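Q: Heads up, here are the entries from Swiss-Prot:
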- 69-90: compositional bias 'Low complexity' (COMPBIAS)
- 91-101: compositional bias 'Basic and acidic residues' (COMPBIAS)
- Met1: N-acetylmethionine (MOD_RES)
- Ser17: phosphoserine (MOD_RES)
- Ser19: phosphoserine (MOD_RES)
- Lys21: N6-succinyllysine (MOD_RES)
- Lys21: N6-acetyllysine (MOD_RES)
- Ser79: phosphoserine (MOD_RES)
- Ser86: phosphoserine (MOD_RES)
- Ser102: phosphoserine (MOD_RES)
- Ser105: phosphoserine (MOD_RES)
- 69-115: region 'Disordered' (REGION)
Amino acid sequence: MRYVASYLLAALGGNTSPSAKDIKKXLDSVGIEADXDRLNKVISELNGKNIEDVIAQGIGKLASVPSGGAXAVAAAPGSXAPAAGSAPAAAEEKKEEKKEESEESDDDMGFGLFD
């Protein structure tokens with residue numbers, strides 16, 4: 001992702017076809033070490049393409065990805081009722097999971113940018 005971001009910054013900054021040297025320079029300026037193989041892969045995939053078209057295609061692909069909330073709602077009607085003995089155990093597990101999530105979410109203020 002860092003290579004794509006650096007490529008996009010260079011392209012949007014006026015460099016129509018950024019080279020590996022351009023991207024490496026941008027990454028080095030923020031203290032990120034560049035992997036030559038990944039860098040060359042990004043350049044070969046994006047070289048000669050219109051950045052606006054690539055962004056539009058990406059937005060179209062993201063629109064087709066289901067969000068996290070819809071899956072839980074869709075699963076609820078199809079699930080069978082659990083046995084009476086297992087319900088308290090399931091409730092305890094859910095409480096424990098919620099506690100763990102709340103501790104983790106404090107680190108990133110409840111929003112995981114790279115999750």
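Quick reminder: no glycine exception, Cβ is built from N, Cα and C everywhere.
Buried or exposed, and what's around them? Tell me for each listed feature.
A: Met1 (N-acetylmethionine) is surrounded by 7 other CB atoms, counting those within 10 A of its CB over all protein chains shown.
Cβ-based neighbour count (10 Å, all protein chains) for Ser17 (phosphoserine) stands at 13.
The Cβ of Ser19 (phosphoserine) has 13 neighbouring Cβ atoms from other residues within 10 Å, across all protein chains displayed.
In sequence order, the list of same-chain residues 6 or more apart from Lys21 (N6-succinyllysine) whose Cβ falls under 8 Å from its Cβ is empty.
Lys21 (N6-succinyllysine) falls within a helix when secondary structure is assigned with DSSP.
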Q: Rounded to a whole angstrom, what is the C-alpha distance between Ser19 (phosphoserine) and Met1 (N-acetylmethionine)?
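A: The Cα atom of Ser19 (phosphoserine) is 17 Å away from the Cα atom of Met1 (N-acetylmethionine).
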Q: State the three-class DSSP label for Met1 (N-acetylmethionine), counting H, G and I as helix, E and B as strand, and everything else as coil.
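A: Note: Met1 (N-acetylmethionine) is coil by DSSP, not helix or strand.
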